[in-house]
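Chemist: Handing you this structure, nothing more for now.
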């Protein structure tokens, strides 16, 4: 692997590494939360009224029901991204510097602010949906589609003028963001199709794992930056992404199958037939309870 001879600025480097790492962890956590919450709700739906009253006091149910995890994760990860953009070294709120020319650092900072403010806004709307404004739950998936389409577009513009390595990293983020956006749109159009929910979970998990990978590529632990114009480095990133796709797909499928198996075992233990199980699943999908 070719690297440049100079080291990254320490403050900027820490910001780049921690920002991408935090975003990646947030996306991975979000995808796993969607899977676990969905299957736990399906398990709850299978139970009789008396069993539901007993289960409602369980700490796992309280954890999923009382704490708006999705809204919190999106809001705080977006807020951290906005703050990180503002704290970028040499960032100024004015895009034009003292020399009457555009400031590259300010432009980059504003692009990060736009990207992450969209995510934070989505988190705020999700938090409101868990309050007395629960009628807006119907609009969460269309809004999610629009938010991630905008985020993907900003990712594309953000990486278009960078070096080849940085640009390739952002092309992957664009693909993942558009994948989430399309999944949200398909879920809105076909709410009873679980395949689109699973697709959204996969692209969210892929986005998270790639952001974690990007943290180590953009700011290596040894402090040596990659040669941004080396074609072998660009090819390595493409190959690494393909490995991410394969590993993340099978890992996400494994998690989903394990959770689904547990739900069906609960139904079998309670002597519920598959019709009752599928009826519960359709009800959750129609009500938008995959969020």
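Here the Cβ of each residue, glycine as well, is placed from N, Cα and C on the backbone.
Reproduced below are the annotations present in TrEMBL:
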type: TRANSMEM; residues: 15-36; note: transmembrane segment
type: TRANSMEM; residues: 72-93; note: transmembrane segment
type: TRANSMEM; residues: 113-131; note: transmembrane segment
type: TRANSMEM; residues: 138-157; note: transmembrane segment
type: TRANSMEM; residues: 169-190; note: transmembrane segment
type: TRANSMEM; residues: 197-218; note: transmembrane segment
type: TRANSMEM; residues: 234-259; note: transmembrane segment
Chemist: Who are the long-range neighbours of the transmembrane segment (72-93) in its own chain, taking Cβ under 8 Å and residues 6 or more past its ends?
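Modeler: Tertiary neighbours of the transmembrane segment (72-93) are 9, 11-12, 15, 18-19, 22-23, 26-27, 29-30, 33, 103, 105-106, 108-113, 115-124, 126-127.
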Chemist: By a Cβ-Cβ criterion of under 8 Å, what residues six or more beyond either terminus of the transmembrane segment (138-157) are in contact with it?
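Modeler: Sequence-distant neighbours of the transmembrane segment (138-157): 111, 114-115, 118-119, 121-122, 125-126, 129, 170-171, 173-178, 180-182, 184-185, 187-188, 288, 291.
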